[in-house]
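Novice: Okay, handing you the structure first.
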Amino acid sequence: MASKDSNPNPNPNPNSKLNPYPTQRKPSALTLLNEYVAGSRAGKYFKLSERGSTFTTELRAGTATFLTMAYILAVNASILSDSGGTCSVSDCIPLCSDPSFSLSDCSGPTRHVIVPDNSCKFSPVNRGYAACLTGVRKDLIVATVASSLIGCLIMGIFANLPLALAPGMGANAYFAYTVVGFHGSGSISYQSALAAVFVEGLVFLGISAVGLRARLAKLVPKPVRVSSSAGIGLFLAFIGLQSSEGVGLVGFSGSTLLTLSACPTTSRAAVAPVVASANGTVSLLPNGAVSDQIYCLNHRMQSPTFWLGVVGFIIIAYCLVKNIKGAMIYGIVFVTAVSWFRNTSVTVFPDTETGNAAFRYFRKVFDIHVVESTAGALSFKGIGTGNFWVAVVTFLYVDVLDTTGTLYSMARFAGFVDRNGDFEGQYFAFMSDAVSIVVGSLLGTSPVTAFIESSTGIREGGRTGLTALTAAGYFFLAFFITPLLASIPAWAVGPPLILVGVMMMRSMVEIEWGDMREAIPAFVTLIMMPLTYSIAYGLIGGIGTYIVLHLWDWGRDVLCKFGIIQGSNCKSDQISGGNANHHGVEFNRCDANSHPNNNGNVDSSIRALESLARMPPRKDDKGKDIVIPKNQDPKDRNLNTQTIRKEDFVGEDASNEEDTTPFE
């Protein structure tokens, strides 16, 4: 009798499909790398395993985050340089009235030397001032890179959160076009504006350290708080539609202020404030200057650069629709690459002295630019003026709302927010943001903030500070390509500004448009920001309108509290109060953004409760109406709720599924 084979694997071929004990595959190199990093001191510090992430996932998430926010390097420098930076009339050079003659030969009855005045900063721009602006833009690119790099490093190392920071959109436009003004035509100088940002950063640091940040954000009325984000979006889109920092679709009109433009440079005229005298002569207003506003003489919608910008807009929009990462970058790169070809109608390097100088710098490709004028340019000379403190308060308000909202929304998106509305690392996250604002002001840029584009990295699986550190690594590489970043044209920057405005409009769904006491302040805030070219004026208008519309209710509440008036006059307005009572069910409308357990289901719960209020009474086995007592605790899991079916809801699709979970 043959002995039994003790080998449990009778098949000698380990690769055979009949082999019940196949050979286990060796882990890949990436798997080994992830396991090694997760077990290292760095992996434990960043809590890779604890948060369910890996080293390679964090690298991919950081790459996605950088690609979606890298447009800020070109856009921020372009917007801030419109303020003129540290350039002034002293940078303008004397010119001969006849451009064909040099300054030394500028003499005679028909020629004279033009002494620079304030108009040298506008069209036509003085060569000396233009050269200064070119240097300032290079400085601002490096300042943007450096402040973003430092912000990401602080956020990644100390807060251990997958959030990237950079100079914020909206705050930079307010800095450039309202506080400093177009080429210094605003209320305070560029140097004083940097000091205002510095002071605001210190105040921000203080309130973050003592935990007042979230409380301050809640003091602002909800309609103003929600609509301010959309108003800033319209402001940015309006900038992107103009010629100085966009595609040039809209231009000046003497009768309607704005009209369709997009004419080529040969058909444009600069706008200046003039006065017509009785004898028919026209002269420039005192202290007036030629602006950068464009008036189209003819050939509207025939600008080659406009149509190239439209192509960039379509590319970005399509990528956003298809959820393709790096959408902004693809549009900017395409338009910029086409604009780099010389001797074309869309070139960014025209055959002029300025264009030739820009092309020579562009050909360097790699260059480490040292910040010369913007770093440390703060000036506290205007600290005693009201305009200085208006700028400080406005910067503080925008940062409190924008950054706090972004941090909480990103933490909620990553699943970090607990039932109390807190998340791990929030103290250091707030402190990191405040420190970054101070650092950015010292480098010469507008306030730094957490970017909503961080959601792209979180969507890719980023859960730790390694995502932010990866983005910081890409910002470090950007130090070496300043010539390329400085050669991005305005018509490549315009489309991202417009589409950023689109994305910032999403908050308007939270406004109760049926309640005029919410709708009117929200609309005033929304419309005043772009039309007055000021975020501050929009906030003042919205808050003022909200106060006026609620004075009667607040006065009545005070009188009721002290017993001066009683009875039905003290009952809350059913429309504005937001309470409904139907069949014994009482519920309150809640702000989806402020709900501590909001994971995207609050809105659906509200709609379900509203539908429940409209339902006919449900019957029990004896044919009587089912009523839930008012004094029953809604959080009691033993609540004897009626079974709610989807087909009972108004506007909901019919379904056989049932949900007996009480609403909280």
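Sequential numbering from 1, following the chain as shown.
Any Cβ shown, glycine's included, is placed from N, Cα and C.
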Novice: Can you check which of 428-452, 478-502 TrEMBL lists as transmembrane segment?
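Specialist: Residues 428-452 are the ones TrEMBL records as transmembrane segment.
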Novice: Can you see whether the transmembrane segment (428-452) and the transmembrane segment (305-321) are touching - at least 3 CB pairs under 8 angstroms, only pairs 6 or more apart in sequence?
Specialist: no
Novice: Under 8 Å between C-beta atoms and at least six residues away from its ends: which parts of the chain pack against the transmembrane segment (519-552)?
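Specialist: Long-range Cβ neighbours of the transmembrane segment (519-552): 170, 173-174, 177-178, 220-221, 223-224, 226-228, 230-232, 234-235, 237-238, 390-391, 394, 397-398, 508, 511-513.
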Novice: Looking at 193-212, 305-321, 388-408, which one has the highest count of Cβ pairs under 8 angstroms to the transmembrane segment (224-241)?
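Specialist: By the under-8 Å Cβ criterion, the transmembrane segment (224-241) pairs most with 388-408.
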Novice: By a Cβ-Cβ criterion of under 8 Å, what residues six or more beyond either terminus of the transmembrane segment (388-408) are in contact with it?
Specialist: 163, 168, 170-171, 174-175, 179, 187-188, 192-193, 195-197, 199-200, 203-204, 207, 213-214, 216-217, 220, 225, 228-229, 232, 382, 417, 421, 423, 426, 429-430, 433, 437, 447, 449-452, 454, 535-536, 539, 593
